[in-house]
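> Below you'll find the structure I mean.
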């Protein structure tokens, strides 16, 4: 009987062992450090690449040492969104190598001989074979089927370096495995050598595609032979422009030997080094909205920034350590920074951001420090020669700075024109109201735009119904006889067109009748609670194709759609208007609207179909 019981226990069933038993025990002394380091190393490679992306976009937005002056568009961002695929592919292969390649596991932490072998094999066979592989990829047959995908990006970003068809990634991995496999099979490999070599490959790849020159001239003056063994970003940039020159991987030596070096390499290098920071003609001043909004900036995650901003999702919670670090950085740095740069004909429009969040703008204790940052940005824009500065989001609140009027009063001799965009906001909202509308509901905080809207609607003989008595009394006192009897206090929620701003409550929104069209007049959209109603965007317009370097969405707006507060500054500069549009004054609404249309900006289509 005892034997039978023992026999039964020798046949373990499902889930007898712990799921992580195959991974080994951390209690053992013989721990494979190389296997444990694989996951942190993958994270390091992703972080390393992202740092290059952010740095490149920041430097090219400022224009300092910029190489290629063309812009990047959404099609390139979409094409390069899966840049991390090659990191995952490499990680899988490294993991398999750790398991199946003799000598690929239990690697020592450091071996000097392995480092030397890796350096020699890279400088010799890897660079030589890559040069001829690269030339072969430019043969018509291979180029049209494979390598043309990489060269679709004439203006490169760091992540362009790893955008290749899968077949090319296999070839590159085999090529770069020469030093790795050699050191593994000879027993000279180490964790540090392997990690340093892959990091070196990432670093040089990213640098060569960053589109700004950063190798100092004194380095080549001090050590002239370096020009044969270290390429520069401008050197490889020429390859993406000219296609048939500068084939080398990281060492231009082989281009010199085989006569494929571009003759303009040195001159472009010198020209890029001399290039100074661009002086914006127009500056749009915005700010961060939420801690997660940093990822949706152009300097953040390119794929996130290329889509309209949405509230926090599950994957954002996974990034909380990075989010916390970014919050600490903005608190320590606390200075306005350049987010992006666009070109419209010959005018440069830069967007600057103040490192403050919505919640901070609502705190009285932060009011003075934020106003100081805005004032410093205005004075900096004037010093750089900007003609117009537009105030975006909460940088122009009445409680904050009297719609920008505070700065005009404090600096009456300002040459840079301050624009709050209120006139164009009113014009866009008026032209978003469906034709033959005879009555609307006006609900929300009575801002400068809301009051101007009420006046314009009354003049058009459209009834303006106000739901709250205090708001009605304020408007009635402001408009007086100019309301033409069209301003009424109403308790009815049956009107089909609502003009809404900050302060619209959930209760009021739910009381609206089915099929109601909500048209925001504020900078921030209302929360969409109703599936049986229509929601228009915040005041915005479609941008003309002549606007270059548009590869990110402005907050929650769709692609190639720009807020009127940003457009207003651009139109102000294009028209050469000499007056400020801030404080409690507004420009001629019709004049601003016609000028905006003249420059190619188009109104958005009003939603008429409900989402299923």
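Any Cβ shown, glycine's included, is placed from N, Cα and C.
What TrEMBL shows for this protein is this:
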type	residues	note
DOMAIN	121-260	domain 'Fatty acid hydroxylase'
DOMAIN	440-603	domain 'Very-long-chain aldehyde decarbonylase CER1-like C-terminal'
TRANSMEM	87-103	transmembrane segment
TRANSMEM	115-133	transmembrane segment
TRANSMEM	170-198	transmembrane segment
TRANSMEM	317-339	transmembrane segment
> Should anything in the same chain at least six residues away from the transmembrane segment (87-103) have a Cβ under 8 Å from its Cβ atoms, list it; otherwise answer none.
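Same-chain contacts beyond the flanks: 32, 34-35, 38, 41-42, 45-46, 49, 169, 173, 181, 184-185, 187, 189, 198.
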> Using DSSP, what's the helix, strand and coil tally for the domain 'Fatty acid hydroxylase' (121-260)?
98 helix, 1 strand, 41 coil
> Are there residues at least six beyond either end of the transmembrane segment (115-133) with Cβ under 8 Å to its Cβ atoms? List them, or say none.
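That would be 171, 175-176, 178-180, 182-183, 186, 188, 190, 192-193, 196-197, 229, 247-251, 253-255, 258.
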> Pop the mean pLDDT for the domain 'Fatty acid hydroxylase' (121-260) in here, whole number is fine.
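Over the domain 'Fatty acid hydroxylase' (121-260), the predicted model scores a mean pLDDT of 96.
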